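Everything on this sheet refers to the single structure shown next.
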């Protein structure tokens with residue numbers, strides 16, 4: 001469903017909208033084992049939130065998920081997904097999806113490990129990782145023009161082998177399992193029966209029966225809780241990130257993307273889907289395969305429908321261990337430990353939100369982890385806006401008048417103005433002599449607000465009381481207007497150096513006369 | 001208790017620490033009619049939070065209460081306090097403290113209005129407002145030097161009359177009520193019995209019995225809820241604001257103030273006090289009276305103790321209407337409608353947090369209102385950091401090379417970098433010709449983070465793909481280091497104009513050769 005809808009509304013040709021690993025793990029965490037109705041409702045609600053974000057132009061919210069937070073989250077999600085699959089590789093069976101739970105149970109059940117499932121799982125993983133590398137092998141010269149025809153065919157074959165590695169492994173394993181089944185000596189745990197055919201088209205469930213309790217719409221929504229916002233945010237984040245990677249520098253219409261993903265989710269919920277979004281790995285396949293418009297999604301959609309209609313009986317034979325191997329081999333590359341080094345080189349403090357997100361995703365809860373990460377990052381941002389750096393230096397005007405030059409490095413807004421006022425006051429008083437004028441270089445002050453204007457007014461009053469001259473240099477006319485709104489007395493400012501020198505000369509003369 | 005403690009630890013000579021109107025109304029709102037134990041515990045917890053904020057140097061949090069939010073909150077609190085007193089002025093009696101509730105009940109009970117209480121109440125109010133003006137009257141010349149002795153005495157008497165107006169009105173009314181009582185014809189509702197003597201010294205209550213339910217410490221704390229943070233924040237805010245007003249421009253040691261107020265609250269809770277803080281109105285009286293050290297608090301404290309010990313029997317005769325008049329005449333000046341005009345002149349958008357705070361304080365809840373106001377204000381701040389203004393203009397180098405000059409107006413941080421990247425990309429592509437170099441004037445970029453470095457790297461890659469030159473001008477060495485952390489290829493930058501011209505010349509030559 002999502003493929004077809006995105007083909008109509010989407011703006012990124014490479015985006016293959018559908019279920020993703022991140023969406024799946026988030027959905028699973030928030031179902032609290034209450035059944036698929038909740039996943040479908042989550043899909044519907046996510047769509048509504050995305051549509052709303054598109055309509056209200058709230059795309060800027062996505063920008064608040066910083067690189068470090070996103071890396072921490074993705075890595076933790078990948079590790080959690082891989083963890084939940086290990087038991088299938090080993091042929092074990094126990095409930096639980098929490099990171100620590102799973103590891104605890106793994107060690108408890110480790111004696112029940114099944115030999116053949118383990119061998120199959122690890123073999124599949126090894127083959128998958130080798131095949132993944134296959135597309136980097138190039139027979140003959142690097143340049144396609146210099147290659148012979150056979151070399152070209154071999155290279156293309158290697159590329160296909162590498163790209164289609166998942167399906168190849170799964171099909172081979174399923175055939176193997178089928179043959180064992182025919183000889184009635186099945187060594188593997190199989191996927192088992194999968195409901196065939198297309199899902200019915202009906203509205204998403206607005207109530208659900210679990211055990212003896214009927215959940216109303218409100219109860220269902222409150223059970224889903226923060227997932228209703230985290231799932232859409234991450235869906236949009238992933239889709240926009242993917243669109244950017246393959247856009248060759250063209251600007252992305254984030255609003256259009258939010259609207260399309262929203263439509264995809266809302267309509268997908270009518271066919272009992274879990275939340276959907278674009279996936280980077282599938283997008284890379286699309287891009288490499290030469291997809292050139294969003295119509296590519298129609299082919300994907302048709303293939304999915306054909307599979308559902310005709311191939312489900314064969315899903316029975318897919319060994320669980322090989323499926324788990326496919327998942328692990330895919331997600332293991334989402335763990336981005338390699339960004340720690342550049343992060344250390346660029347800004348060490350960014351490692352704090354990264355690790356905070358990573359650890360809280362892993363040990364507390366995925367959505368909570370990302371919220372904590374964003375929170376820490378926003379606190380950094382707010383702290384920076386509350387505590388600007390202010391340069392204080394002594395300077396001399398051409399006319400030989402000494403003055404104190406104070407340069408705040410950013411806009412004056414409510415959290416920072418009192419701090420700047422303190423710094424300026426202290427610097428002014430430290431001088432000892434009240435006849436030395438203080439000049440505030442306002443070149444970096446791009447904006448101000450009412451609180452700032454009031455603070456500046458008090459600052460000027462303090463200086464007037466002390467009989468120390470204070471003047472504003474390089475002050476933008478728009479800021480002058482804001483400051484004048486509170487009608488400060490003795491507010492002196494100038495836009496350029498010659499005006500400054502004139503003003504300083506005046507001060508000096510007056511000081512000399514006095 | 002607070003007076004004595006502050007005399008030792010405090011740093012502002014004029015700050016008279018004690019119960020304030022704001023603290024009282026906030027405490028009342030959060031007791032949920034559960035009794036005084038909760039107020040005492042709130043005092044203790046507030047003290048702990050303040051002490052902790054002092055130790056952890058969290059003074060910058062106070063700066064996030066902007067002027068508009070503070071004005072909105074104070075005005076709403078004043079109106080609520082005045083509203084709750086109107087019933088006493090009219091001699092009515094009904095429960096309820098919520099703004100809308102009180103007005104509803106006022107209209108329901110309006111027929112029960114008692115004539116003499118109403119007359120007394122309004123008379124007291126009129127007298128108080130007149131006496132308030134008395135200190136502005138100056139007999140003889142404005143300058144004290146030119147005044148005769150009699151003129152000086154008259155002026156000092158007027159000032160005393162004005163400053164002591166509350167006690168004068170209360171004493172006169174109490175004497176009147178006493179005389180009526182003697183003649184057994186009491187027309188007023190009186191305050192009634194007040195428990196005499198000093199409160200016992202014992203630890204604050206960590207459990208409370210209300211009806212049949214015993215509240216544990218945790219239950220009490222969760223009942224107090226957000227008040228545990230809002231009360232200390234406002235206490236510190238009021239005390240620091242007051243200290244600043246009377247500091248004559250000297251810097252305030254906010255940490256010291258937080259520690260002192262914290263100590264005051266913790267120790268006050270041992271004598272069954274409600275939360276305390278400095279009050280601006282009392283501070284003004286202290287300042288005008290010529291208090292010169294914090295030792296002034298010792299006098300205040302001794303007077304309070306003497307009153308408690310010896311004067312409580314006389315409190316019985318104070319008419320409720322006159323007390324209500326005193327409160328109304330005091331808080332009515334806390335309603336700051338007059339700042340709407342300067343706010344409109346300085347920054348109109350600041351009216352949004354001001355009115356949002358005012359209305360939600362009035363109609364929802366006081367603490368919730370201030371939290372909503374801070375939230376809106378922070379969203380403004382975050383939006384500004386996510387959407388910097390970027391100036392795009394065509395320029396010509398001295399060597400005759402045309403280029404596009406793009407100037408972002410603030411630091412590149414995670415919420416803004418993708419936006420800036422989009423703007424630069426769009427501007428670069430709009431040019432039509434890829435041979436026109438794009439120069440990013442980074443003079444206002446004071447900081448950057450990992451996300452910004454990654455964004456800049458992608459931006460450079462996009463330009464390299466298009467074969468369009470991009471270079472950074474005026475880039476600070478610290479930012480160069482951050483950008484180089486992610487190892488961007490073809491990253492060209494220069495610190496000054498001559499370097500820029502050299503680089504542009506190179507580009508031009510290459511373009512011409514091509």
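Cβ atoms are placed via backbone N, Cα and C, with glycine included.
Please treat TrEMBL annotations as automatic predictions, because they have not gone through curation.
What TrEMBL records for A:3-356 is domain 'SLC26A/SulP transporter'.
Positions annotated as transmembrane segment by TrEMBL: A:38-62 (among others). Non-local neighbours of the transmembrane segment (A:38-62) in the same chain are 27, 30-32, 204-206, 208, 220-221, 223-224, 227-229, 231-233, 235-237, 240, 254-259, 261-269, 272-276; each lies 6+ residues outside the stretch with a CB under 8 Å from one of its CB atoms.
The transmembrane segment feature in TrEMBL is assigned to A:69-94 (among others).
The transmembrane segment feature in TrEMBL is assigned to A:157-180 (among others). Sequence-remote contacts of a segment are chain residues at least 6 beyond its ends whose Cβ falls under 8 Å from one of its Cβ atoms, and for the transmembrane segment (A:157-180) they are 120, 124, 127-128, 131-135, 137, 139, 186-188, 190, 285, 288-289, 314-315, 317-319, 322-323, 325-326, 330.
Among the features that TrEMBL reports, transmembrane segment is placed at A:224-246 (among others).
Marked as transmembrane segment by TrEMBL: A:258-276 (among others).
Annotated transmembrane segment per TrEMBL: A:296-316 (among others), in sequence order.
Feature annotation from TrEMBL assigns transmembrane segment to A:323-340 (among others).
Here the transmembrane segment (A:352-384) has Cβ contacts under 8 Å with residues 25-26, 29-30, 64-66, 68-69, 71-73, 75-77, 79-80, 99-100, 226-227, 230, 234, 339-340, 343, 415 of the same chain, all six or more residues outside its ends. Taken from TrEMBL, the feature transmembrane segment covers A:352-384 (among others).
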Segment-segment contact (the transmembrane segment (A:323-340); the transmembrane segment (A:258-276)) at 3 or more Cβ pairs under 8 Å: no
Same-chain residue ranges lying at least 6 outside the transmembrane segment (A:224-246) that approach it to Cβ under 8 Å: 11-15, 17, 20, 22-23, 26-27, 29-30, 38, 41-42, 45-47, 49-50, 53, 59, 61-62, 65, 70, 73, 252, 254, 257-258, 261-262, 265, 275-280, 283, 287, 366-368, 370-371
Residues of the parent chain within Cβ reach of the transmembrane segment (A:296-316), under 8 Å, 6 or more residues beyond its termini: 1, 3-4, 6-7, 10, 13, 16-18, 174, 190-198, 286
Segment confidence, the domain 'SLC26A/SulP transporter' (A:3-356), expressed as mean pLDDT: 87
